Amino acid sequence: DENTDSVRLLNGSSLCSGRLQVKSNQKWSSVCEADFDLQDAEVVCREFSCGPPSVLQGALYGEVEAPVCSKEFQCEGHESALLDCRSSGSARNSCSPGKAVGLTCSEPVRLVRGASRCAGTLEFNHQGNWRPVSGFGWTLKKAAAFCQHLGCGSVVFVGQRVNSLLGDNVNINPDCVHSGPALKECATLGFSIYNLDLKCSDSVRLLNGSSLCSGRLQVKSNQKWSSVCEADFDLQDAEVVCRELGCGPPSVLQGALYGEVEAPVWSKEFQCEGHESALLDCRSSGSARKSCSPGKAVGLTCSESHVRLMGGASRCAGTLEVKHLEEWRLVHGSDWTLKEAAVVCEHLGCGSAVYVGEREEFPYRFVWEIKPDCVHFQSGQIECAKSTVLSSILDLTCSDPPDPTGFIIRAVILPLILLLENVVLYFYCKASRGRKLGRRENIELVDRNLGVGAAEGGLAEEEGVQGAEENL
């Protein structure tokens, strides 16, 4: 049980959970829910050097065993100890059954200097001080426990970063974390220049799967995880989820593959177009669904991916990363040409290789060193990657995959447009020819009329001359 001078947690499942008791006049007393709120819980969790409170509910850790005698706490949230908070009201002599405060604080870990609260360098609160966690020995599977402790989704990336500022680290045994005890029981103070970098998905996770890329899909909304109904999810949605989790394309999409729904289902229908980087970036429509028929919760299996490009303008450009021994790392590759890079582009379903080059990035970090003659991804494994510490990493740009819409336009729509233009031109020419023939006939008719008129005029003129001669 966790214990300070004046506050303790009893009967909990870890050092950061249990029924709350407060010491007053040398006696320990439980606290009623009516006298305790979330701000008070934040202070208690901080007092135990744990993370923020995740559950605050009565009767979670047994009934009240001792008389309750406490005033209502009125913490502002910044205090370092519960008894530093103001309190008011008269003392309570008893608490209704099931109403004693049961508190679960999250584990004392956080991610800093990342793009979101679910990505960055992992730090652990050791005796009130936040210190980076040593990066040795971590794989995706073992680091997944941290994502769970942080309230994030599935683990996406784990790597090592060389810390240029030398100082104390916290050593956490990966095998200890994976076996289930509280993190505080697995942590010791140590020294290392290699810090653990971690990225979890913000709002999507796969549960009960046979690998990190399979399981029952859950989506986080309003701080709650909910399963998703098959009727609200299709293959384009699955493509987005697999990409968000750093996996390959979806291979199986079927309900009840990974257990029944354990939490209420509450989601709208997702309407992804397939290019989005996260599921919650997709449009959604329809009314919220309160439940899902048995066996209809989305079970998803994505294919395993061992190669990806990160940080570029599209999924076909960026810094090359390779997964080897369950660990994603940047790649150091000297003497790579467009020929070797083309193998990567083909594996990613992109177009041809356009650019490949090395770039210096500091500080130094662990990378995979891969020789050009070792670039074979048909088996899905990278057997000849060698671990090393360097600052030179490989950038790669492939042309984007052919746009199917553009293909349809070129193959179908353009020929139809050309055909329509030819038909219009044909009828236009025909109509124009008819108008030309009509004008020609009119001209000939006018010419004939003019000729007749001229002849008649000439005859009249001759007759007039003859008459004049006879009169003379």
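Glycine is treated like the rest: Cβ placed from N, Cα and C.
According to TrEMBL, the cysteine that forms a disulfide bond with CYS176, out of CYS152, CYS186, is CYS186. Listed in TrEMBL as the disulfide partner of CYS282, from the options CYS272, CYS292, is CYS272. The disulfide-bonded residues under consideration are CYS85, CYS186, CYS272, CYS282, CYS374. Their Cβ neighbour counts within 10 Å are lowest for CYS374.
Checked against CYS85 (disulfide bond) by C-alpha proximity, the disulfide-bonded residues CYS186, CYS272, CYS374, CYS384 yield CYS186 as the nearest. Separating the Cα atoms of CYS75 (disulfide bond) and CYS374 (disulfide bond) is a whole-number distance of 61 Å. Look at the Cβ of each of the disulfide-bonded residues CYS75, CYS176, CYS384 and count the other Cβ atoms within 10 Å; the largest number goes with CYS75. Using CYS272 (disulfide bond) as the reference Cα, a 10 A cut-off selects none from the disulfide-bonded residues CYS176, CYS186, CYS374, CYS384.
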